[in-house]
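To start, I am sharing the structure in question, which I have written as structure tokens.
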Amino acid sequence: MTDATTISPLDQARILSEALPHMQEYDDETIVIKYGGHAMGDEDTAKAFARDIVLLEQTAINPVVVHGGGPQIATMLKRLGIVSEFAAGLRITDAATIEIVEMVLAGSINKQLVGYINEAGGKAVGLCGKDGNMVRAVKATRTMVDPDSHIEKVVDLGFVGEPDKVDLTLLNQLIGYELIPVLAPLATSKEGQTFNVNADTFAGAVAGALKAKRLLLLTDVPGVLDKSKKLIPEISIKDARKLIADGTISGGMIPKVETCIYALEQGVQGVVILDGKVPHAVLLELFTNQGTGTLIHK
């Protein structure tokens with residue numbers, strides 16, 4: 001994107017004027033933004049993201065941020081000499097690992113992002129799904145085919161959960177006081193056990209419960225790509241399911257798109273998968289005619 005210092009004052013005014021209809025469209029609407037990918041590890045990118053979140057709040061939008069932390073968790077586990085195993089794209093989380101995961105997600109990452117947003121002039125509050133019993137989870141299960149026996153087996157993922165219930169009491173209070181919730185994807189079972197939850201899945205559950213206007217999933221890829229590796233700007237749920245069935249959508253993109261479909265079916269009006277490494281990706285998506293990434297809708 002062109003640096004603002006190289007744009008004439010007239011062009012800057014024109015850009016702001018063209019953004020006005022989009023600002024009006026999202027006035028007093030809730031936008032859930034899942035911030036993840038390797039862009040989180042870059043301080044300048046993280047601070048730019050924080051400024052964009054503050055801008056949303058200043059334009060009468062209600063932003064709710066959910067963050068991931070896979071690379072940072074991996075770095076900490078490696079530093080401590082703990083080897084991670086993965087199954088079906090999810091980290092197998094034992095008792096020792098869940099303590100580290102909670103420390104990294106709810107501690108260092110969450111508070112750092114809260115600090116960046118507050119430094120930019122916002123009023124962010126750092127929480128996780130455990131706070132106020134916001135997100136209840138059940139133990140996640142996955143099956144995999146054994147390569148030797150070719151028999152499908154259930155994989156024990158340990159303390160990995162999937163959202164089962166979202167209580168909006170605390171979130172609605174924060175939004176009502178014009179505070180910016182920043183959520184780490186941790187939840188508890190009804191028995192009080194802490195679970196690590198995939199950040200996309202967590203964001204989808206929160207967005208669905210809030211009936212958000214938009215759910216934005218910031219990732220390391222431009223969006224959903226066709227078989228020629230070109231960006232698909234917009235697809236319906238029906239089209240998305242066809243692309244999964246024919247193999248166009250594959251690998252790690254499948255659970256992301258399934259999260260999008262779930263959120264839409266729960267009442268979210270539109271979900272966008274976009275590249276978090278693109279400067280001001282959130283603003284480009286919400287405040288420009290062309291947007292960015294892939295919009296999935298009903």
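Every residue, even glycine, has its Cβ placed from backbone N, Cα and C.
From Swiss-Prot, here are the annotated features:
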- LYS34: site 'Transition state stabilizer' (SITE)
- GLY69, GLY70, ARG91, ASN196: substrate binding site (BINDING)
- LYS256: site 'Transition state stabilizer' (SITE)
If you measure every Cα to Cα pair among GLY69, GLY70, ARG91, ASN196, the residues listed for substrate, what is the largest value in Å?
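Roughly 12 Å, rounded to the nearest whole number.
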Measure from the Cβ of LYS34 (site 'Transition state stabilizer') and count the other Cβ atoms within 10 Å, all protein chains considered.
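Its Cβ has 29 other Cβ atoms within 10 Å.
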Mind giving me a neighbour count for ASN196 (substrate binding site)? Other Cβ atoms within 10 Å of its Cβ, every protein chain shown.
27
Cα distance, LYS34 (site 'Transition state stabilizer') to ASN196 (substrate binding site), nearest Å?
16
Other than GLY69, GLY70, ARG91, ASN196, which residues of the chain come within 8 Å of the substrate site, judged by Cβ distance to the Cβ centroid of those residues?
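Going along the sequence, the neighbours come out as GLY68, ILE73, ALA74, THR93, VAL101, LEU105, ASN198, ALA199.
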Tell me which of the binding-site residues GLY69, GLY70 sits in the most Cβ-dense spot, judged by other Cβ atoms within 10 Å.
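The residue with the most neighbouring Cβ atoms within 10 Å is GLY69.
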List, in sequence order, the same-chain residues at least six positions removed whose CB sits under 8 Å from that of ARG91 (substrate binding site)?
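ARG91 (substrate binding site) has long-range Cβ partners GLY70, ILE73, SER84, GLU85, THR97, VAL101, LEU157, VAL160, ASN196.
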Pop the Cα-Cα gap between LYS34 (site 'Transition state stabilizer') and GLY69 (substrate binding site) into the table, whole Å please.
11
Express the distance between the Cα positions of LYS34 (site 'Transition state stabilizer') and LYS256 (site 'Transition state stabilizer') as a whole number of Å.
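That separation, Cα to Cα, works out to 11 Å.
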